[in-house]
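Here is the structure we will look at.
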Amino acid sequence: MSNIRFEQIEGKSLGFYTLIIGLGILILAALGSVYYVEHYGHFVTGMNNRIVWGMPHVFALFLIVAASGALNLASIYSVFNKKLYKPLSRLSGLVALSLLAGGLMVLVLDLGRIDRLIVAMTEYNFKSIFAWNIILYNGFFVVVAIYLWMMFERRMNKFSHKVGLVAFSWRLILTTGTGSIFGFLVARQAYDAVIMAPMFVIMSFSFGLASFILILMASYKWTNRPLGDIIVNRLRNLLGVFVAAVMYFVAVYHLGNLYLAENTGIENFILFDGGIYTKLFWYGQIILGGIVPIGLIYHPITKGDRSMLGLSSVLIIIGGFVQLYVIIIGGQAYPMELFPGKEVLEGYGDIAQYLVSLPEIFLGIGGIALAMIIVTFLVKFLAFLPESLEDDLADSYHKG
Amino acid sequence: MNKTLNRRDFIKIMNATTGVAIVASGITLTTFASVSEIPVTNKKRWGLLINTNKLTETDIDGMINACKQEQGWGTEIHSTASQKPAWIKKLKVKDKATNKVSSLALMCQHCEEPPCVDVCPTNASMKREDGIVLVDKHLCIGCRYCMMACPYDARSFVHETLNNQKEHMPRGKGTVEACTMCVHKVDKDETPACVESVNSEAVIFGNLYDESSQINRTLRVIQSSQIRADLNLNTGVRYSGI
Amino acid sequence: MNRFLVVFLSLFVSSVFAYIDEYVNLGEQASSIKLSGKVFHKNPSIIRKMHPEFLRHKRDKTLRQGIRTNEYSLKGCVSCHANKNKINNQYYSVDKKGQFCSDCHKKVGVSFDCFSCHRTVPREDLL
C-alpha cells in the first residue's frame, strides 16, 4: 500500500524560473505598496472611517479561509481513512500552510502600525475573538508542520492519523474563529449572525478545494506527470457538493435575515437595491461563482472535461472573492441602525462610498503570489508530489 | 502587635525603602501641581446628558469646534471627508411617526460594556475604572476591529502623518482615536470642552453615581434614553427629547 | 558552556553603561538649570539607563489610572530638553536631527517611538 513514490520536481526549466521571477515581482510590488501606504498613511487607500476594512481584508480572508479548506484532502485520508486521498495529503498540507502564510501577510501588512506587530504577539485580550484568531493561526502553522513531518518521516507515519485528527479539529475551530470575527459584531446588522461561523467553514471547503485542484492540475501538467481520471473525478464531485453547500448556507443566511425586521434594510440593500453590491451578489457570487460551476461540474457534456473543471475552480475562486467583497465591504457600506423608528436625515446614514486603490490590490495579489511561491519552492526541495497519480495506481491505493 | 520581624517582612521593607531611594534620587526638582496621585475608582462614573429639546444646531457646531480646538483634530490636509477624524458629529433625526426632527451630538457613548474593548486584540481599547473609554495608543496596532464593533460609528482612524499635536492629546498616524470625554480635564476637576461651550443647560456633565450631582438629579426626574439601548451596553452618554 | 557565560555576561554588563556625552546638546531649559548650578536629576546615570522604564510606568499610570503628576512626565522631558531656533524663536522638535532625544538615541542605535504621537515641542503658551 505504501508504494506511493513521492518525488521532488526538477525545477530547472525555463518555465519554473519564469514562474518564480513573475511571482517575485508581484511580491515586490506588494511590499512597495505597503511601504507607500505606511509612509504616507492610509489616506492613499480607498479605505476610510466607514469602510474600515477594504480590499486587503477581502484577499486576506479569502486566503485564510481557503487555507483551512485546502487541508481537507489530507483530513479525508487520515481522519476518514479514505486511502484514495493519501497521495494528495502532503500537497494538501503544503497548500494549506502557504495559503495561510499569504493571507496573514496581507492581513498584517495592512495594519496601521506594522512596526508594532510584536505587541500583537505579546499583549493578548482573551475576550477578543481577534486575539484568539492570532493564536489559532500561529497554532495552525505548528500543527500542520508537525502533521507534515509525521507524513514525511517513515518512523512517524504511525502517528499521522492522530495528528491528522488534531489538525482537522484545529482547522474547524480556526475557520469558526474567522467567521466569528464577523458573527460576533453585534452592532452591525450585516454581521450579527451565528450562522457566519458555519458558513465560513463551508466556504473554506469550497474555496480551499478549488485552489487545491488548480494547483494540483497545474503542477502535474507542468511537470509532465500523469494524473489519472479517478482522482480528478473524485475531486470534481466533492467540489460540486461543496459549492452547492455554500449556496445553501447563503440562502439560509439571507432568508433568516429577511425575517428580522431589524435587518430588512441591509437585506434589501444587498439583494435588491444596493447598486454595485447587488450586481456583485447576483452576477458574481450566485451566477458566476455558484450556478455556472455547478452546471459545469454536473452537466453531462462538460462533466468529463478536465479544462472545464479548471474553469469551474477559477470561477469558484472568483465567486469566493466576490462573496467576501459583498460580505465585508457591502456589509460596512450600509449604515448601522442607530435610531430604530427614526430616520437619520443628516450626519450619518448614507451609503458609505469605497473606491478601491491600486496599493490595496497589489498587496492582495502579493499575498496570493507569496502562497504560490512557497508551494513552487517547496515542491522542488521536498517530496510533496507523487511521481504518478495514474488510474491504476490510484485504484491500488484505493483498494490497498 | 507582633514586633518580631521575619525574613519575608524584612525583605519587603528593604525593597520598599530601596525603591523609594532610587525613585527619589532620580528627580529632586519636581513641581507639584494640584493633581491626584490616587488611581481613579469605580465609585464614580462620568456621564453626559444631552437634552435635544434645548440643544440648538448652533450649540452642536460650537461643541464640535470646541472639541477640535481642545483636542487638535480636524486640521488634516490629505484625508478625504470620510477619512478625516470625527470625534463628535452632528446628526439630524426624524421620527417616522410624528415627523419631529431633532438634532443631536453623537460621540463615543462611553459604554459600561464597550464592544470596542471586548474585540481589541491587544488591550489598547480600554475602559478606566470611572467609565471613560479610551484608546491606549501605545498598544494600538491599527487593526480597526474596534471601529467595526462600535455601534455608534464613534471612532476614527488617523489616515495621515500628524504633527504639532496638543501636549495632552497624543495622536498619530495608524492608530484609532475617539472622544476621551476630555479625560485630561476631568482629572483636574474640570468639565469637557464641548460641555463648556454650550451656554444653556442642554448638555450636563457629571458623576452619574453621585446623588447630589446635577446629572443624577436630572436623570431621576426626566425621561431619558440611550442610543441602541437594545444592545444593553449601558452608555455613559444619555439623551433626552428623542 | 563557559564561553557562552562570558559572552552573556559581557553583553549584560555592557548594556548597563548608557551613553554619556559631556558635550551633548542638553536643550534650552536644561542647559540653564545646569549653568545655574542647580541639580534636576540627582543621578543622571539612572535616568540615562532607566528612563524608558520610568516613562512606560508613568504612561500606564496616567492613561489607565488618571494619575497626572509631573514626575517622569514626557511633557517635562520635552519642555526642558527642547532647543529654540534663535532666528525665528521657534522650538526645534526633540526628535529631529541634532536634538537631544534623537542625538543620543542615534549614537546608541536605539529607535524610539514616542514622537509618532506625542508633541515634539513644548506647549503652545511656552512659545
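Glycine is treated like the rest: Cβ placed from N, Cα and C.
Copied over from TrEMBL, here are the features:
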type: TRANSMEM; residues: A:14-37; note: transmembrane segment
type: TRANSMEM; residues: A:57-79; note: transmembrane segment
type: TRANSMEM; residues: A:91-109; note: transmembrane segment
type: TRANSMEM; residues: A:129-151; note: transmembrane segment
type: TRANSMEM; residues: A:163-187; note: transmembrane segment
type: TRANSMEM; residues: A:193-217; note: transmembrane segment
type: TRANSMEM; residues: A:238-260; note: transmembrane segment
type: TRANSMEM; residues: A:280-298; note: transmembrane segment
type: TRANSMEM; residues: A:310-334; note: transmembrane segment
type: TRANSMEM; residues: A:354-379; note: transmembrane segment
Residues of the parent chain within Cβ reach of the transmembrane segment (A:238-260), under 8 Å, 6 or more residues beyond its termini: 189, 193, 195-196, 198-199, 202-203, 205-206, 209-210, 213, 266-267, 270-271, 285-286, 289-290, 293-294, 297-298, 309, 312-313, 316, 323
Contact ranking winner - A:280-298, A:310-334, A:354-379 against the transmembrane segment (A:193-217), Cβ under 8 Å: A:310-334
Among A:57-79, A:91-109, A:280-298, A:354-379, stretch most in contact with the transmembrane segment (A:310-334) (C-beta, under 8 angstroms): A:280-298
Proximity verdict for the transmembrane segment (A:91-109) and the transmembrane segment (A:280-298), three or more C-beta pairs under 8 Å: no
Intrachain neighbours beyond the transmembrane segment (A:280-298), with Cβ under 8 angstroms and 6 or more residues off its ends: 236-237, 239-240, 243-244, 246-247, 250, 270-271, 274, 308-309, 311-313, 315-316, 318-320, 322-323, 325-326, 330
